[in-house]
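K.L.:
This is the structure, below, for whatever I ask next.
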Amino acid sequence: MRAREKERNCQNLWKWGIMLLGMLMTCSAAEDLWVTVYYGVPIWKEATTTLFCASDAKAYKKEAHNIWATHACVPTDPNPQEIELENVTENFNMWKNNMVEQMHEDIISLWDQSLKPCVKLTPLCVTLNCTDELRNSKGNGKVEEEEKRKNCSFNVRDKREQVYALFYKLDIVPIDNNNRTNSTNYRLINCDTSTITQACPKISFEPIPIHFCAPAGFAILKCRDKKFNGTGPCSNVSTVQCTHGIRPVVSTQLLLNGSLAEEEIIIRSENLTNNVKTIIVQLNASIVINCTRPYKYTRQRTSIGLRQSLYTITGKKKKTGYIGQAHCKISRAEWNKALQQVATKLGNLLNKTTITFKPSSGGDPEITSHMLNCGGDFFYCNTSRLFNSTWNQTNSTGFNNGTVTLPCRIKQIVNLWQRVGKAMYAPPIEGLIKCSSNITGLLLTRDGGANNSSHETIRPGGGDMRDNWRSELYKYKVVKIEPIGVAPTKARRRVVEREKRAIGLGAVFLGFLGAAGSTMGAASVTLTVQARQLMSGIVHQQNNLLRAIEAQQHLLQLTVWGIKQLQARVLAVERYLRDQQLLGIWGCSGRHICTTNVPWNSSWSNRSLDEIWQNMTWMEWEREIDNYTGLIYSLIEESQIQQEKNEKELLELDKWASLWNWFSITKWLWYIKLFIMIVGGLIGLRIVFAVLSVVNRVRQGYSPLSFQTLLPVPRGPDRPEEIEEEGGERGRDRSIRLVNGLFALFWDDLRNLCLFSYHRLRDSILIAARIVELLGRRGWEALKYLWNLLQYWSQELRNSASSLLDTIAIAVAERTDRVIEVVQRACRAILNVPRRIRQGLERLLL
């Protein structure tokens, strides 16, 4: 019984052992994944950075925008590159784009710098004694003058000279607010709130195209979708270093000299259902607007201080006709066609059947009229003739063919960007003024009202210049390039070898993101090229910025833009050094693919390697593990620190770290050299002692024997020599030769040393051969023993498996028999129910 019980216990142990072995084999079959660092991967994140500008300005042109652009911008790239990103979808939001804010600040800087060297009109903030201007009625009836002018006389501050000048009624206000109609005392409109600066007499403010560029380490993504509305995902994306040339045209209601839609008209709004939000319309065909100030007049120069002059319209005793009368003309057919398309588009978006365009409901002159700069004068044109029509799906009422003439007023004192405390006095321009522009967009607002109504009223808007820049920057966004990526691989770092080579330079910067739409496996193949393009782009941009900064330093006009360029230059180098510092901390300096000892945690991402490397892009992968990137970085750093400690302890053992180096050729040469030195030293000592011995004997009167004299060899203690009475063995004595002379002694010693070395070396070789023979024999026996043991255990495993299968089969059979027996009994019981009922009834009847 005990034997059977032990046998059963052994069988159970074998069963559990086989199960554990299977579990271990299953666990070992799962491949371990390790974190691998990649440098040069196409990954970016949304960012805010300092942009710099590029332009084709000419320093010899005295126009204000040219002067500003010469000082503030770098030259444009003669061969701009735009690289399409395949399989990339990116979200854009034109209403929350920091590029708009930066451009707004930059254009303010443009105007401020243009006005900086000009005269401040603080001495002109005095009382003006004004009367109505006497005009000659020579008008042709087509254009009516809407605003009167005042002929004013005043004394310049700190002077007694009385000056006469004409001012537009819009530029002056009566001092006595209670009696505005009959008042004769006036002041300039902005004297009590703003500092008025007179524009330089030769400034015309003619805008030139300005490109806004991202510094090195950053890129600008561009949406190339022709129907993109400014917000949401865009699947047709490219990367550029600079935007297209944007003309900083200051205007309201109508957008001038911008870009056109390539297909149909595009309506853009942050929230079209919110009537407070501005509606930006991008036309698909431009409409020419020609503005003219048809009358000439003269201007006078009044000295108001040391090297300071005020330019005004001559007022005293000079009849100049309708001075300042201006107008703009637009093709009625082109405007009618564009407005009809806008109405149709708005009707579809707002779900309205009738769209009515009406003039502005009121506000500042910049909002109620179309404001633009024409030849240096600021025109304020009445657009009520443009926005006065109704459009529906069946019929429309509006303009006929012909020309629409917009009456315009001219203001000399203009609020700059609606900023408190900033105003500009535009000096009068002599001669005729003509300018031609292209209407490429509209700024509109809607009245709102009942949502269930089928009617909607649209009015012109504007005033916030950010909307002007937004109409051009809607398709751009700035991103920060993150060239370091981590991903799981099967490779694990074994030994850290410190690399001293640096990553090379070459190619161009934009090619770095060219592989953004490729899978991770395809993109990782070109890491070296992409890393070189990253550094090359930094160097290329730094050279351009440095040239611009050097030019500013030469002109001694290093402005805010110069500081921005310095910031961009330093920022790019700092970002590159930061990435290199991270790679150095992780032990990955100079490497594009760097394995680590950090195991990949499936909680970060449980995707398979094939799914990661064959189906995902680097951007998709980065979004998936973005929450764990900081943790992975810290684990890599801790692993590298521990590895450096281990490496230090290993290096302290010095040459024991690698025993194989003992058998290198350099080591063998060193061994031979050491052997020769030892042999030479022994021979030298032998010679020295022999000479000293001979000299000592000669001094004692001893004469050396000849070379043929044989001396008896001392016998051992077991071989006694001949004694006095009984003779021993003498016939087999050996003798040694006593040499005489330095060279003979040297030869004898060298011969004996060689013989000694030969015998010892032979003995050593024989011993080594014997050891190798024994080791081989023992090793062979050990291999045979292991083979037999392996066969034995394999047989045992087979027997155990067979026994386990037999046991399982027997147990299954027994349980199956029991189940069958139970089923049979149940069936019999069911079948016997009628019989039992019958028997019971029979007993009851008996």
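Don't overthink the numbers, they just go from 1 along the chain as shown.
Keep in mind that glycine also has a Cβ here, set from the backbone N, Cα and C atoms.
I grabbed these lines from Swiss-Prot:
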- 1-31: signal peptide (SIGNAL)
- 32-674: topological domain 'Extracellular' (TOPO_DOM)
- Cys53-Cys73: disulfide bond (DISULFID)
- Cys118-Cys200: disulfide bond (DISULFID)
- Cys125-Cys191: disulfide bond (DISULFID)
- Asn129: N-linked glycosylation site (CARBOHYD)
- 130-151: region 'V1' (REGION)
- Cys130-Cys152: disulfide bond (DISULFID)
- 152-191: region 'V2' (REGION)
- Asn179: N-linked glycosylation site (CARBOHYD)
- Cys213-Cys242: disulfide bond (DISULFID)
- Cys223-Cys234: disulfide bond (DISULFID)
- Asn229: N-linked glycosylation site (CARBOHYD)
- Asn290: N-linked glycosylation site (CARBOHYD)
- 291-327: region 'V3' (REGION)
- Cys291-Cys328: disulfide bond (DISULFID)
- 360-370: region 'CD4-binding loop' (REGION)
- Cys374-Cys435: disulfide bond (DISULFID)
- 381-408: region 'V4' (REGION)
- Cys381-Cys408: disulfide bond (DISULFID)
- Asn382: N-linked glycosylation site (CARBOHYD)
- Asn388: N-linked glycosylation site (CARBOHYD)
- Asn392: N-linked glycosylation site (CARBOHYD)
- Asn401: N-linked glycosylation site (CARBOHYD)
- 450-461: region 'V5' (REGION)
- 453-461: region 'V5' (REGION)
- 502-522: region 'Fusion peptide' (REGION)
- 564-582: region 'Immunosuppression' (REGION)
- Cys588-Cys594: disulfide bond (DISULFID)
- Asn601: N-linked glycosylation site (CARBOHYD)
- Asn606: N-linked glycosylation site (CARBOHYD)
- Asn615: N-linked glycosylation site (CARBOHYD)
- 623-657: coiled coil (COILED)
- Asn627: N-linked glycosylation site (CARBOHYD)
- 652-673: region 'MPER' (REGION)
- 675-695: transmembrane segment (TRANSMEM)
- 696-846: topological domain 'Cytoplasmic' (TOPO_DOM)
- Cys754: S-palmitoyl cysteine (LIPID)
- Cys827: S-palmitoyl cysteine (LIPID)
K.L.:
Cα-Cα separation of Cys328 (disulfide bond) and Cys73 (disulfide bond), in Å?
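P.N.:
Rounded to a whole number, the Cα-Cα distance is 33 Å.
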K.L.:
Mean pLDDT, the region 'Immunosuppression' (564-582)?
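P.N.:
Result for the region 'Immunosuppression' (564-582): average pLDDT 71.
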K.L.:
If you measure Cys130 (disulfide bond) to Cys408 (disulfide bond) at Cα, how many Å is it?
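P.N.:
Cys408 (disulfide bond) has its Cα 23 Å from the Cα of Cys130 (disulfide bond).
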K.L.:
By DSSP assignment, list the helix, strand and coil residue numbers for the region 'V5' (453-461), in that order.
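P.N.:
Computed counts for the region 'V5' (453-461) are 0 helix, 6 strand, 3 coil.
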K.L.:
Measuring CA to CA, name the entry from the recorded positions Cys125, Cys152, Cys374, Asn392, Asn601 that ends up nearest Cys53 (disulfide bond).
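P.N.:
Going through Cys125, Cys152, Cys374, Asn392, Asn601 one by one, the Cα closest to that of Cys53 (disulfide bond) is Cys374.
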K.L.:
Specify the nearest of the recorded positions Cys73, Cys381, Asn382, Asn401, Asn601 to Cys435 (disulfide bond), where nearness means the distance between Cα atoms.
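P.N.:
Going through Cys73, Cys381, Asn382, Asn401, Asn601 one by one, the Cα closest to that of Cys435 (disulfide bond) is Cys381.
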K.L.:
Which state, by DSSP, holds Asn615 (N-linked glycosylation site): helix, strand or coil?
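P.N.:
For Asn615 (N-linked glycosylation site) - judged by DSSP and reduced to three states - the answer is helix.
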K.L.:
Just counting, how many other CB atoms are there within 10 A of the CB of Cys234 (disulfide bond)?
P.N.:
21
K.L.:
Tell me the coarse DSSP state (helix, strand, coil) of Asn627 (N-linked glycosylation site).
P.N.:
helix
K.L.:
What residues in the same chain, six or more past the boundaries of the region 'V5' (453-461), come closer than 8 Å to it by Cβ-Cβ distance?
P.N.:
252-254, 278-279, 343, 346-347, 350, 352-361, 367, 370, 383, 386-387, 442-447
K.L.:
What's the CA to CA span in angstrom from Asn129 (N-linked glycosylation site) over to Cys152 (disulfide bond)?
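P.N.:
That separation, Cα to Cα, works out to 5 Å.
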K.L.:
List nothing but the one residue from Cys130, Cys152, Cys191, Cys291, Cys594 whose Cβ has the fewest other Cβ atoms within 10 Å; the candidates are the disulfide-bonded residues.
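P.N.:
Each of the disulfide-bonded residues Cys130, Cys152, Cys191, Cys291, Cys594 was scored by Cβ atoms within 10 Å; lowest is Cys191.
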